[in-house]
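Participant: TrEMBL lists these features:
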- 1-17: signal peptide (SIGNAL)
- 140-609: domain 'Peptidase S8/S53' (DOMAIN)
- Asp148: active site, charge relay system (ACT_SITE)
- 210-219: compositional bias 'Basic and acidic residues' (COMPBIAS)
- 210-229: region 'Disordered' (REGION)
- 220-229: compositional bias 'Low complexity' (COMPBIAS)
- His221: active site, charge relay system (ACT_SITE)
- Ser548: active site, charge relay system (ACT_SITE)
- 665-764: domain 'Subtilisin-like protease fibronectin type-III' (DOMAIN)
Amino acid sequence: MMAEAAMILWIFLLVLALNVVSTSYAAIDSNTYVVHMDKSKMRALDVSVGMSRRWYEAIMHTINVDSEGAEKAELLYVYENVISGFSARLSKQHLESLAKAEGFIYATMDELYNLHTTHSPHFLGLEEGIGLWDAENLASDVIIGVVDTGIWPEHPSFRSKGLPPVPTRWRGKCKAGPKFAASNCNRKLVGAKAFFKGYEAIAGRVNETSDYRSPRDSQGHGTHTSSTAGGNLVKGASFLGLAKGTAGGMRYTARIAAYKACYQLGCATSDIVAAMEQAVSDGVDVLSLSLGGASKPYYTDNMAIAAFGAVKMGVFVSASAGNSGPSGSSVSNIAPWMATVAASYMDRIFPARVELGDGQILLGASLYSGKAPTTPLHLAYGDTAGGHGAKFCTANSLSPRLVKGRFVICDRGINSRVEKGEQVRMAGGAGMILANGENQGEELLADAHVLPAASLGAAASKAVKMYSNSITNATVVLTFEGAVFNSPAPVMAAFSSRGPSLFGPDIIKPDITAPGVNILAAWPPNISPTELTNDRRRVRFNIVSGTSMSCPHISGLAALLKSRHRKWSPAAIKSAMMTTAYILDSKDSPIADAASAGSSSATPFAFGSGHVSPQKAADPGLIYDVSTKDYLTYLCSLSYNSTQIGLFLGGNFTCPDASDFQTGDLNYPSFAVQFSSSAKNTTSTYKRRVTNVGIPVSSYAVKVSEPQGISIIVRPRVLNFRKIGQKLSYKVTFIAKGVVSTNFSFGSLVWNSDKHSVRSPIAVTWL
């Protein structure tokens, strides 16, 4: 009662104080802001955890006092776990008044982020009853929180048959809403809630004719990602008869909690942070975020700040790298405490044979499963297909007179791949050739087209267009071959976003790659596989591509590792995956890049440390652990001021003496170095610390592959451990040897013992 009385007295004093700075507002437009507040100020005023809402409501009331006739400041969410603060709808004048309030640190305007839109367990080496999929490991309870478009709870991937009771530590609930009852949750789907206040403040009320103001999924994305991470094993899964087999999540016995923060136009950061806040409060072990925006400094990235808060509380956070590749420095979700996941191909492909009238045979890809013409049909392209926009097959650009009964060549770009096929069908075309440009390279994405269609890589696309333009009666026949296995894999997807990171060039991002192309997973039964309105097909499982699909693979694998190693930190789990990742494909050749023709190899700026290897990650030998203090010291090395660093703690932080740290000393499992391209005999020395989690008495010797233009000295060259948990440090000195003719060069540092190989990639940027 005394604390309650003190709180009431303090609110009264706050109102008096803020009334001094209140302004008489004119009616003006407002925006949504995420507001960061100093927790230490609340503690000093005896505002306890759980009572912060009343403090923020008092602030909202006060800045509204003299605003009669104007739009009122409106509190949307209160954050106490992943960040300290709230989100609110504020005018410019409201914000100016708020900035004078006790405890105010910083405010950022809300924005909409984008979604980053089987066979994969087998490809990853996961087998029933063995290793990470043994009965003991799968029996322990792990809860995966998925922030996405919601979930379709009735899908067999989320049935609870055979699962034990929900663990008592779980604090989450099912929040009922339109078309979603609390009873839709069960022992598998243990929590579900929708967050839409931020979205509606930006985009207007959720359109309930096409979406739900509830956790129910209207887009399929969240259902797909949730089942990829932790969906049940479902026998007899397929996509329209393709890719038949048993579908299952990486940690198929995991519990799932669905937090809906994404709608038709995107995902508001205030809703994302609210979802992460709820997930951490509920007790998730892993957070999966298949969404993101453009990279930015960490202190302006509310999702990164919230992820820091989650990691600080022991939650592993994985996030998609983005689908803006192959452009350099396009990677998003770049914070070092997040696991940033790239996307790559598995060894399963869906080939389509494209036979031209001149005898050329080109290999494409398609998920088309209906009837296709067996006789040659004429081709149409550009001017021979229609008017302006016909090359891209945009809406109303194709002439029915010109394309009827023909195969139309459509260039990638402007509208979606499946929309192009829809335009061809509407114009009376018989089929489509989807042509890559140089930017898409040799990417072969298989799509569920509404008519016979195949995608072609850049080289094949050039060939078919040259043939089509060379004669007036060019013809083509398509043959669809279904699912084919044992293709060289992995191969980096061209769309997968690339490093180096613009705002954290001292960290290699992305961190790791995982299957993200042609992924079969659960799908709502009321949504077509293409999401096109006129597509009447319905499926239980859909095949989709994107870093959105690779991210939940890592989320599920992190859950498996969390089961095996309950005391490991999020950084330790990430380190285990990174240092055991592989960089050679199934034919023992360097992992290739679909963005490049020929034999071009991918680099760490495409795949990070390499492709995840789950069974090896369970026993990495050594780990690079990172504490909260280590991350804060890293932020100090970026010359962030105390206010900027305070956003991550909800209060001020004093950096250590500048001589005690440098940017490259963060205890990360990779090395990123920058030198002037004309530098000679310039050196940089970085420190690292490894922890023995393998064999108690063991010895590790270092092996270095030097990047072009660099000499490397490691001291000591041998690490001798005497017990589990022992930590040993080493230093790496990078020496620039002189002028180089490349922008980037790559190498590696590997600690080898009799049993373990602990590999760290090295990336050098020549400025």
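Cβ coordinates come from backbone N, Cα and C, glycine included.
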Participant: Mind checking which residues reach the compositional bias 'Basic and acidic residues' (210-219)? Cβ under 8 Å, same chain, six or more beyond either end.
Facilitator: 115, 148-153, 174-180, 192-194, 196, 258-260, 262-264, 524, 527, 531
Participant: If you run through the compositional bias 'Basic and acidic residues' (210-219) with DSSP, how many residues end up as helix, strand and coil?
Facilitator: 0 helix, 1 strand, 9 coil
Participant: To the nearest whole angstrom, what is the C-alpha distance linking Ser548 (active site, charge relay system) and Asp148 (active site, charge relay system)?
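Facilitator: Roughly 10 Å, rounded to the nearest whole number.
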Participant: If you count CB neighbours within 10 Å, which one among the active-site residues Asp148, His221, Ser548 has the smallest count?
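Facilitator: So among Asp148, His221, Ser548, the active-site residues given, the one with the fewest Cβ atoms within 10 Å is His221.
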Participant: When the domain 'Subtilisin-like protease fibronectin type-III' (665-764) is classified with DSSP, how many of its residues are helical, how many are strand and how many are coil?
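Facilitator: Summed by class, the stretch gives 1 helix, 60 strand, 39 coil.
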Participant: Please compute the mean pLDDT of the model over the domain 'Subtilisin-like protease fibronectin type-III' (665-764).
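Facilitator: PLDDT averaged over the stretch: 95.
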